[in-house]
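Everything on this sheet refers to the single structure shown next.
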Amino acid sequence: MEIINSMEHYDYEQLVFCQDKASGLKAIIAIHDTTLGPALGGTRMWPYTSEEEAVIDALRLARGMTFKNAAAGLNFGGGKTVIIGDPRKDKSEALFRAFGRFVESLNGRYITAEDVGICVEDMDIVSQETKHVNGVGAIAGSSGDPSPITAFGVLKGIQACAKEVWGSEQLKGKTVALQGLGHVGYYLAKHLHQEGANLIVADINEQNVERVVKELGATAVNPDAIYGVECDIFTPTALGAIINDHTIPQFKCRIIAGAANNQLGENRHGDLLHSKGILYAPDYIINAGGVINIADELNGDYNKERALRAVEIIYRNIEEIIAISKRDNIPTYKAADILAERRIDTLGKVRSTFLSHARR
Ligand code: NAD
């Protein structure tokens with residue numbers, strides 16, 4: 001693999017290969033862009049089948065974080081770590097201590113947190129070696145579970161979409177098909193119920209389904225049937241790539257807006273939704289509540305009220321993305337990238353002014 005050439009393609013700043021034989025650590029830290037501030041992005045542990053696969057994933061995810069952080073109004077750049085290993089067998093105290101020392105060696109250019117395969121307890125160990133870690137359980141002032149704030153942000157995004165489609169953000173009487181009733185889905189179901197929406201729900205975990213049927217009077221359908229139910233809003237909050245050639249012909253909704261990451265199977269599926277007149281709330285914009293919540297820790301001790309206020313940006317971002325999409329007649333997923341790039345470009349220029357104490 002031509003690594004430097006690959007980095008040049010999307011202008012990555014730095015790729016750090018971390019190896020520690022004693023603990024078995026093999027990790028790659030990718031830093032995409034630090035125009036807005038230190039790179040912030042979680043650590044993923046996954047049994048990659050090749051180093052190339054791990055490098056590609058680290059690069060892809062780091063760039064995604066640049067866009068997500070920029071659009072969320074955060075003063076952070078984009079970065080991500082992948083640890084090559086099986087999270088069920090390869091975790092150890094030594095491995096996370098070794099990883100923490102590599103993070104520390106970057107002196108704050110990169111700040112890490114949890115991602116797929118990593119839990120709060122792992123990050124607690126990392127925090128013994130570096131202060132550049134967020135979402136830690138053991139430290140006073142940390143933000144804890146981001147899911148309730150993510151759910152609140154998704155509600156804001158859904159309301160902004162409703163305003164566009166029906167002229168009012170009211171969800172009373174609207175039917176929402178909610179896929180996934182886990183950490184985020186459960187809180188989101190409660191919000192939607194409180195707003196007066198009718199809920200049709202699906203999850204492969206029966207206990208999760210029973211809970212919302214009992215507590216909120218939701219109607220349950222089989223997991224495969226959720227795509228085709230008659231509804232106003234389809235809310236994917238379980239898996240990625242659920243907007244694809246198989247599901248698009250089934251959708252009977254006006255809006256797709258939910259928390260799941262990487263909802264579009266491919267970009268062309270975003271083009272297809274646009275041509276069908278289904279309003280799609282880009283995933284990394286509407287699910288940014290979690291990262292906004294984590295970023296609040298870096299303002300000093302975590303403050304939930306301040307984090308909730310910051311999450312309101314999701315409503316305004318969705319409005320702005322819709323405006324760009326209409327102005328340029330482009331799908332919303334492309335408009336989201338324009339919004340993020342605009343902030344990086346503008347603030348990059350503002351921050352180029354020489355300050356004697358900053359020595360940039
Ligand atoms: P979770 O694992 O707690 O919940 C996912 C739920 O989806 C589970 O209840 C699971 O049983 C269900 N599910 C899995 N496969 C399914 C299928 N085929 N059909 C129906 N249901 C299925 O995860 P979460 O933290 O609630 O996150 C949900 C989504 O939101 C994920 O895509 C995640 O990446 C994304 N997200 C979460 C956060 C956060 O703060 N937790 C932030 C941003 C994005």
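Cβ atoms here come from the backbone N, Cα and C positions, even for glycine.
Automatic, uncurated: that is what TrEMBL annotation is.
For reference, TrEMBL has these:
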| type | residues | note |
| --- | --- | --- |
| ACT_SITE | K80 | active site, proton donor/acceptor |
| BINDING | G180, L181, G182, H183, V184, G185 | NAD(+) binding site |
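Looking only at the recorded positions K80, H183, the densest Cβ neighbourhood within 10 Å occurs at K80.
A Cα-Cα distance of 22 Å separates H183 (NAD(+) binding site) from the residue listed as 'active site, proton donor/acceptor'.
The two recorded residues L181 (NAD(+) binding site) and the residue listed as 'active site, proton donor/acceptor' have their Cα atoms spaced 27 Å from each other. In sequence order, A151, L178, Q179, V201, D203, N208, T237, A238, A259 are the residues of the chain that are 6 or more apart from G185 (NAD(+) binding site) and have a CB within less than 8 Å of its CB. With respect to Cβ neighbours within 10 Å, the binding-site residues G180, G182 differ, and G182 shows the lowest count. Under DSSP, K80 (active site, proton donor/acceptor) is assigned to a strand (E or B) in the three-state scheme.
In this structure, the CA atom of V184 (NAD(+) binding site) is 22 Å away from the CA atom of the residue listed as 'active site, proton donor/acceptor'. Those same-chain residues not listed among G180, L181, G182, H183, V184, G185 yet with C-beta within 8 angstroms of the centroid of the NAD(+) site C-beta atoms are S147, Y186, Y187, L188, D203, N208, T237, A238, A259. A Cα-Cα distance of 25 Å separates K80 (active site, proton donor/acceptor) from G180 (NAD(+) binding site).
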